[in-house]
Structure formats: structure tokens, C-alpha cells
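Visitor: Straight from TrEMBL, here's the annotation block:
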DOMAIN    6-208  domain 'Phosphoribosyltransferase'
BINDING   ARG79, ARG104, ASP131, PRO132, MET133, LEU134, ALA135, THR136, GLY137, GLY138, SER139, ASP200  5-phospho-alpha-D-ribose 1-diphosphate binding site
BINDING   ILE194, GLY199, ASP200, ALA201  uracil binding site
Amino acid sequence: MSNLVVCDHPLIQHKLTFIRDKDTKTKDFRELVDEVATLMAYEITRDMPLDTITVETPVATAQSKVLSGRMLGIVPILRAGLGMVDGILKLIPAAKVGHIGLSRDHETLQPTEYYMNLPTDATERLLIVVDPMLATGGSANAAIGSLKKRGCTQIKLMVLIASPEGVRAVQEAHPDVDIYAAAVDERLNELGYIIPGLGDAGDRMFGTK
Ligand code: PRP
Ligand code: URA
């Protein structure tokens with residue numbers, strides 16, 4: 001069973017409150033999502049391997065740590081996942097970015113893939129799939145399934161808000177994929193929205209409603 005890591009750092013929880021607030025305007029919403037993505041990137045990279053190197057300080061020789069060069073890829077699920085990319089790149093500027101376009105049908109709640117573009121060496125990278133919302137889990141599962149079909153094997157999922165149903169769906173379909181969430185909310189409503197959630201992440205990110 002994959003791990004669920006709830007990133008309950010006070011800074012993340014504080015910012016998430018204003019992301020949820022319906023009166024938060026598009027510009028502030030975008031900035032807050034960007035900031036939370038940076039803070040969550042700190043948590044998701046916690047187990048990155050390190051090498052020890054020798055470095056000369058002004059007064060002595062030190063054995064000190066550097067990242068061992070594990071290659072990363074960030075894969076936003078379009079549209080809303082795009083809003084989390086820059087925040088992660090601030091901490092991991094060498095990461096490459098792939099894109100998966102998925103659209104969830106408002107009635108059936110089934111996702112349709114309309115775009116896929118990955119770095120050529122994606123199969124060698126640890127891929128972080130990002131999307132603000134994990135609702136039914138259909139989109140995340142389709143994205144992860146699509147990556148696996150293309151030979152990618154090291155995958156993590158980063159979301160802002162998950163529903164219990166979405167977490168269960170990903171854990172069942174992809175038990176090897178660890179899930180990082182800033183919050184796990186109460187439930188889905190009859191329209192497939194996370195309650196209390198934040199509404200429609202894509203619309204709030206891009207001001208389309
Ligand atoms: C939203 C959200 C997720 C998906 C979550 O995207 O950003 O991708 O729904 O729902 P699920 O877990 O039930 O699949 P949407 O399909 O509305 O597209 P958008 O980002 O273009 O608005
Ligand atoms: N997609 C969203 O953007 N919000 C939800 O609450 C569920 C799916």
C-alpha cells in the first residue's frame with residue numbers, strides 16, 4: 001500500500017486556508033498555490049539520496065553532503081496542475097517538465113486524455129505528478145497509468161487537497177505511488193467536488209468562471 005503523507009506544516013495549513021476562501025481573487029490564489037507547492041516540494045524531496053564530498057571552508061576541510069544527482073521530472077495534469085510547477089522548480093531548477101492534458105467530464109466524472117508530452121529521458125527520472133485536486137482519483141490514476149504505459153516506474157503524486165475516496169482509489173490502483181497532500185478533506189459531493197475543498201481548481205487558477 002502506498003504511503004499517504006499529509007504535509008501539515010503550519011505555513012502550508014495557513015496558506016491553504018486562504019486558497020480555500022471563495023473571496024480569494026485569482027492573483028492571490030495563484031501566488032498561494034505557488035508558495036504551497038514550494039513548501040510541499042521541500043517535503044517530497046526529503047528522501048533524496050545524498051553523496052558526501054570534501055569541501056574547503058575558509059578555516060578547515062569539511063566532509064559535506066550534496067544531492068547525488070537523482071534526476072527529477074515534474075508532470076502537471078493540465079490545466080490546474082500547471083499552477084504548481086514554478087513553485088517546485090524554485091527548489092529543484094534542474095527538473096524537467098512533462099505535461100499530461102486530462103479533462104474530467106462533468107457528468108460521468110471520467111477523465112479523457114487530450115495531451116501528453118514527456119522529457120525523452122522520463123523513464124530514468126523520478127516523476128512528481130502534480131494536480132491541486134484528488135477527487136474521485138480518476139484523473140490521477142489515468143495520468144499515472146499513462147506514465148507507466150510509457151515505461152516510467154518511479155512516480156510520486158503531489159496534490160493540495162485529496163478526498164478519502166481519491167486516496168483510496170490511487171492506493172488501490174497504484175500501491176507503489178506515494179501520495180503527498182496538504183489536506184485530506186471530508187468527502188465528495190454528488191457532483192464529484194471535494195467538500196469542503198476549494199471549488200474548481202482550474203477555474204480559480206485561471207479566472208475562467
Ligand atoms: C480537475 C482537477 C483534477 C481533477 C480531479 O480537473 O484539477 O485534474 O479535476 O478530479 P478527479 O480526481 O475526480 O479526476 P478538470 O478535469 O476539471 O480540468 P481543468 O484542470 O482543466 O479544469
Ligand atoms: N476538481 C476540482 O477542481 N475540484 C474538485 O473539488 C473536484 C475536482
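Any Cβ shown, glycine's included, is placed from N, Cα and C.
All TrEMBL annotations are machine predictions without curation.
Keep in mind the model is a prediction, meaning the values are calculated, not measured.
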Visitor: Max Cα distance spanning ARG79, ARG104, ASP131, PRO132, MET133, LEU134, ALA135, THR136, GLY137, GLY138, SER139, ASP200 (5-phospho-alpha-D-ribose 1-diphosphate binders), Å?
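Guide: Taking every pair among ARG79, ARG104, ASP131, PRO132, MET133, LEU134, ALA135, THR136, GLY137, GLY138, SER139, ASP200, the longest Cα gap is 17 Å.
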Visitor: Using Cα coordinates, what distance in whole Å links ILE194 (uracil binding site) and ALA135 (5-phospho-alpha-D-ribose 1-diphosphate binding site)?
Guide: 6
Visitor: Any idea which of the binding-site residues GLY137, GLY199 has the thinnest Cβ neighbourhood at 10 Å?
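Guide: Counting other Cβ atoms within 10 Å of each of the binding-site residues GLY137, GLY199 gives the minimum at GLY199.
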Visitor: Which binding-site residues of ARG79, ALA135, ASP200 contact ligand 2 in the sense of C-beta under 6 Å?
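Guide: Within range of ligand 2: ALA135, ASP200.
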Visitor: Near the uracil site, what residues other than ILE194, GLY199, ASP200, ALA201 in the same chain have a C-beta no further than 8 Å from the centroid of the listed C-beta atoms?
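Guide: Checked against the 8 Å cutoff, the neighbours are PRO132, MET133, TYR193, GLY197, LEU198, GLY202, ASP203, ARG204.
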Visitor: Give the subset of the binding-site residues SER139, ILE194, GLY199 lying near ligand 1, defined as CB under 6 A from any of its atoms.
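Guide: Result: SER139.
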Visitor: Can you name the binding-site residues among GLY199, ASP200, ALA201 whose CA is within 10 A of the CA of ASP131 (5-phospho-alpha-D-ribose 1-diphosphate binding site)?
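Guide: So far as Cα distances go, the binding-site residues lying within 10 Å of ASP131 (5-phospho-alpha-D-ribose 1-diphosphate binding site) are ALA201.
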Visitor: Restricting the comparison to the binding-site residues ARG79, MET133, ALA135, GLY137, SER139, which residue's C-alpha is spatially nearest the C-alpha of ASP200 (uracil binding site)?
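Guide: Answer for the nearest of the binding-site residues: MET133.
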